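To start, the structure under review is shown below, and the notes come after it.
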Amino acid sequence: MAAAALLAAVDRNQLRRVPILLLQPREWAWKLRTMKYGTTPGGSITKVLIANRGEIACRVIRTAKKMGVQSVAVYSEADRNSMHVDMADEAYSIGPAPSQQSYLAMEKIIQVAKSSAAQAIHPGYGFLSENMEFAELCKQEGIIFIGPPSSAIRDMGIKSTSKSIMAAAGVPVVEGYHGKDQSDQCLREHAGKIGYPVMIKAVRGGGGKGMRIVRSEREFQEQLESARREAKKSFNDDAMLIEKFVDTPRHVEVQVFGDHHGNAVYLFERDCSVQRRHQKIIEEAPAPGINPEVRRKLGEAAVRAAKAVKYVGAGTVEFIMDSRHNFYFMEMNTRLQVEHPVTEMITGTDLVEWQLRIAAGEKIPLSQEEIPLQGHAFEARIYAEDPDNNFMPGAGPLVHLSTPSADMSTRIETGVRQGDEVSVHYDPMIAKLVVWASDRQSALSKLRYCLHQYNIVGLRSNVDFLLRLSGHPEFEAGNVHTDFIPQHHKDLLPSHSTIAKESVCQAALGLILKEKEMTSAFKLHTQDQFSPFSFSSGRRLNISYTRNMTLRSGKSDIVIAVTYNRDGSYDMQIDNKSFRVLGDLSSEDGCTYLKSSINGVARKSKFILLDNTVHLFSMEGSIEVGIPVPKYLSPVSAEGAQGGTIAPMTGTIEKVFVKAGDRVKAGDSLMVMIAMKMEHTIKAPKDGRIKKVFFSEGAQANRHAPLVEFEEEESDK
C-alpha cells in the first residue's frame, strides 16, 4: 500500500534533522492532521526519480529524504558536478548538455527509472513536467507519474481547448481566437477583428515562451514568426492563439490540489504581476489588496477548473485581474510552480510531500476549512542577467557567493554553490529567496534585508535591481501590475547612477590596505632584503607622502589624491571635496571585510577584488569600482568589431536574415540567437551594406564574437 509505505517511512525517519531550508515559519502541527484520513491501496513508493535539474531537483530531494524515500537524479554532461547530483542517493548520466538530448529524452529517463527500480518519477517544472506523451509513457511502463493524468495535461496544455472547458465550467475567459486554422493570414485577420493590442501565445507550454505583445498590424508578422520559432524550440509545437491584450492587468494565480478520490482544494492565491520578458521575477502570497470575498471567488473558480478535468496533484490556475478585481482565466499549469514556496510559507505545508502522498493514493491531507492562511510571504528570483542590458541572460562561474542565513522565516531555494557555473544551456536562475513575516510590510522589510546579504561576484546578477524594485514606493503600496517595470523604468533602471565619493574612498582604502598586505607578505618571504618591492607604501618617518590613484565608475575615470599621514590615516581628495580616511582589513568566515571611517562615519563592507574590479557589499547596497587597464593590455571592445555587430552572449544562431551584399537599415533584424532558452534578435546598429556574415544557422557563437561585418563607408570628398 503506497500511503502505508510512505507513512511508515516517515515514522522510521521522524528523528532525522529536518533540513533548515524547509523549516516552516511557525511550529504548526499540520503533519499530525495529514494522518487523519484512511489510506487506500496503491503502488508502493520507496524510490523516486527526479526528471529535472537545479533548484527544483534539490527541493524534491530534500522532501524525499525527510520522508525516507530514496532519490534518483539524472544529469547531463554539463551538470556532472552539480548540486542535485551530490544530494541524491543515486545519479545517472543521460546525455550531452543540450536538453533535447538529455532532460527532454523521455526514453532515456524511463530507462533510468527501470534500471534504478524507481517506482515514481517527479518531473519538477519545465522540461517534461507538462508533457502529455511522457505522462502516458510512464503509465504504460507501470511507473507512477507524480502529476495529473495525461488527459488533464492534454486539455489544459492546449490553450484553445482549456478555454472552452473553462467557459463550460463557469470560469470567466478572455475574448480571443483559439481555432484550428493556423495560417498567418487567418491569425492576422482575427487579430484585426479583436483589435490591437493583442497577445500572441503558444497553444502549448508557458513560462513566457512563445509569447509576444503586438501593438500594431505592421509588426504582427515579425512577432508571429518569432513566437512560432520560440514555441517550436521549447514545446515542439508552433501553434498559436490570439487574445485581446488587457493593459496593466494583474497576474493572480491560485494553487490547487486534487486527489484520486475526486476531492479538490485551493491553497489561496499568489500575485505574480511584476515580470520582465513575460516571466515572473518577484511573487507574493497572498495577493495585496484582495478582500476575503474576492479571495473566496478566486479559489472556488480555481477548484471548478480543477474538477472540470478530474485533476490530480499540484496545479495552478492563472487569472488576469483588472483594476476592479474582475478576473479571467488565462491558463492552468499542470505542475508544481516555481513560486510554490510562498504558498507553503503562508499555509505551513510542504507541497512536495502532498504530491508524493497523493501520488501514492492518499486523500488530500487537509479539508478546505483546515487550510490556514497566516502572514505574508515574498519570493525573489535571483538570476544571472544584466538588467541594464534589457535583462540579457548571462553565464559563467560563481566566483564568490554568499547568502543570508536560512531560518524559520527565510528559505534559499538553489541548485548552485560557490564555484559552480551557470550554464548557457539552461535557465539562468541562480536561486529563489523566500521570506515570511506576520504582515506584508514586515515581510517586505525582511526581503530587502536578506537581498542586501545576497552577494554574487563572477557574473552579472539582478540583486541590485530587486532591491530597487522592492523599495519602490508603488511596490511598497501594493500597486502592482504586469506593466510595473516598463512604467517605472527610469526609477528601476536609472541610466546614470553616480557612485558616492565616500564609496570611492572606501575602494581606494581597500586597495591601499591590500597593497600593504601584499608588500608585507613579500617582505616575509623574499631573500632580497634590499628589493625595492619591500618599500612600496611610501611612508617615511616625519614625512607625508602623496600619490594619485585613478579608479573608474562606468566609463568615467575618477582621480583621487591620497596623502599618507604619520598616524596611519589618509587624506583623500576627489574634485574639490576632502576626506579623512582610516581603516583596516579583516577576515571572517573566509571573506575579507573592510572596516573604515570616512570623515568620522564608520562603515563595514565585504571587500572582493577580482579582474581589475573592486566589489563592495554592505547593508547600504553594492558597488563596483574599476581599476583602469592600459589600452595596450585591453581586450577587444565589446562595442563591436570592424563596425559590425557582436554576440551579446554565448548561444546558438537560430536564424540568419541577411547575406553579404545586402543593404540594411538601422534596426533591421540580422540574426536570431537562442541562449538560456530565450530568443534574442540581433538588430543592425546602423544603415549600411553587409560585407560578411560570420555564422550560419545552427552554429554556436561565443560571447563578443563578431557576427556581421559592414562594408566601410566611403568618406565624403
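Every residue gets a Cβ built from N, Cα and C, even glycine.
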* Position flagged as N6-acetyllysine [Swiss-Prot], chosen from LYS36, LYS233 -> LYS233
* Structure fact -> N6-acetyllysine, as annotated by Swiss-Prot among LYS193, LYS501, LYS555, is found at LYS193
* Asked: Can you check which of LYS280, LYS490, LYS686 Swiss-Prot annotates as N6-acetyllysine?
  -> LYS490
* Under the DSSP assignment, what numbers of helix, strand and coil residues are found in the domain 'Biotinyl-binding' (622-711)? -> 3 helix, 41 strand, 46 coil
* Here are the recorded positions: LYS180, ARG335. Which has the lowest count of other Cβ atoms within 10 Å? -> LYS180
* Could you check the modified residues LYS193, LYS233, LYS490, LYS577 and say which one's CB has the most other CB atoms within 10 Å? => LYS233
* To do: Could you measure between LYS233 (N6-acetyllysine) and LYS193 (N6-acetyllysine) for me? Cα positions, answer in whole angstrom.
  => 29
* To do: Please name which of the recorded positions listed here, LYS180, ARG335, LYS490, is nearest in space to LYS193 (N6-acetyllysine), Cα against Cα.
  => LYS180
* Asked: How long is the line from the C-alpha of LYS577 (N6-acetyllysine) to the C-alpha of LYS180 (N6-acetyllysine), rounded to the nearest angstrom?
  -> 70
* To the nearest whole angstrom, state the Cα distance for the pair LYS490 (N6-acetyllysine) and ARG335 (active site). => 36
* Asked: To the nearest whole angstrom, what is the C-alpha distance linking ARG335 (active site) and LYS180 (N6-acetyllysine)?
  -> 26
* To do: Check the domain 'Biotinyl-binding' (622-711) for me and report the mean pLDDT.
  => 80
